[in-house]
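Asks: To start, I am sharing the structure in question, which I have written as structure tokens.
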Amino acid sequence: MANNSPFRGDDVARQEHNGFGPLSELRGNTATITSAIVVVISSATLLLAVTWNEMREGIRFLVFTVAFLTLSVVLGEIVRRLCLVSEEIKHKHARYRGDWKAVLKTTFTFGNVECILGVATVSTLMLCYQLYAYREVFFRPDFAILFLLNCLVVPQLSFLVGLRQLSPVETSDLNEKENKNVADGLAWSYYFGYLRLVLPRLELRISESEYFRHKITDRKLFILLPKTCFTCDDIEQADSRVKWVGNLPESKINRGGIKERSYKHAVHEIVMPFPDGTEEKYHFIVEYATPLMSLYDMSRFTDAQLTGSERDHQVVLFIRKLTEILGKSEECKGRYELIPFSGDEDKNKIADILVALHNNANIMVDEEAEVSIPTQ
């Protein structure tokens, strides 16, 4: 059957993810490594320049300046966060239930507190030593004024003019790592509220159907993921060759106070003609990922503040997160197929994609069977 089919898996695979485009990966630590390299190179260059000129005073001044500025930056950040406390006090009862400890913990939590404490301690010791050993050089009013400016004025000015605001890249990276994107919430909701309930029961529902149990060869749920996020109410509207032919027996589950809530899957038939006049029928359990329509509606609703470009980004994150969640779910393993595609009804036909996946799977099975045949 695979040799007769008009489509092979690699025909569609040539278009990355069926015209959807590349799926981005989580950001790594390249920015952190680059910053560390800049610090090392800059420090080494300055140290070599001072050493080359045999400037002992220069080395002392370099050590003093590094400790001086580092400590002032740390103290300046603490002062800035004290200013944040002034706002949180107004919300102490509504947000923190009147707990002062929670207010301070939320405001003064640092990601790398051990590292910050270590740097601040070393800087303090270095600064104290320099002031004690070379007090006639460094114990001056102008240095004290500069220290206070760095602690009290510069951090507040940078905050007021917006220099402390995270860039879109940093915001995106933070949201991705902490599951704070809209897409992350939708993916988790889709899994816990639907897929985790129906996928473990899918094989049983297929076997209960006298009509479909022998017609459905791909015993999994095919989940359509259009990049446009637009989902048709009827898949036949997107591709007339994908025709609904019935439903599997429904699963009835008590959920959220609803007794025997009904979950059921639609079965679609695709008829593919061959040049010799014959035709092949395929049956798939296929449906759209319904949360994508929420993203589509949000991008059209002004108050949701989700632009078209941001929606395109969120759908990629949704697919990535859903892939990650399902990949770790033993109860859903082998019972689903995620299908990202462009959503362009003219360029990437749903029927062609499904049949190509089916035929490609058959080719892989045939190849595995040939490999497993023992040689005489």
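Numbers run from 1 along the shown chain.
Even glycines carry a Cβ here, placed using N, Cα and C.
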Asks: If Swiss-Prot says TYR194, ARG255 bind 2',3'-cGAMP, which of ARG201, ARG261 does it name for the same site?
Replies: ARG261
Asks: Can we call the transmembrane segment (108-128) and the transmembrane segment (143-163) in contact, meaning three or more C-beta pairs below 8 angstroms at a sequence separation of 6+?
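Replies: Counting Cβ pairs under 8 Å (6 or more apart in sequence), the transmembrane segment (108-128) does not reach the transmembrane segment (143-163), since there are fewer than 3.
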Asks: Would you mind pulling the DSSP three-state label for THR290 (2',3'-cUAMP binding site)?
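Replies: Looking at the DSSP assignment, THR290 (2',3'-cUAMP binding site) belongs to neither helix nor strand, so coil.
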Asks: Rounded to an integer, what is the Cα-Cα distance in Å between ARG261 (2',3'-cGAMP binding site) and THR290 (2',3'-cUAMP binding site)?
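Replies: Between the Cα atoms of ARG261 (2',3'-cGAMP binding site) and THR290 (2',3'-cUAMP binding site), the distance comes to 18 Å.
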Asks: Applying a 10 Å Cβ distance cut-off over all chains shown, what neighbour count does ARG255 (2',3'-cGAMP binding site) have?
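Replies: Looking across every protein chain shown, the total is 12.
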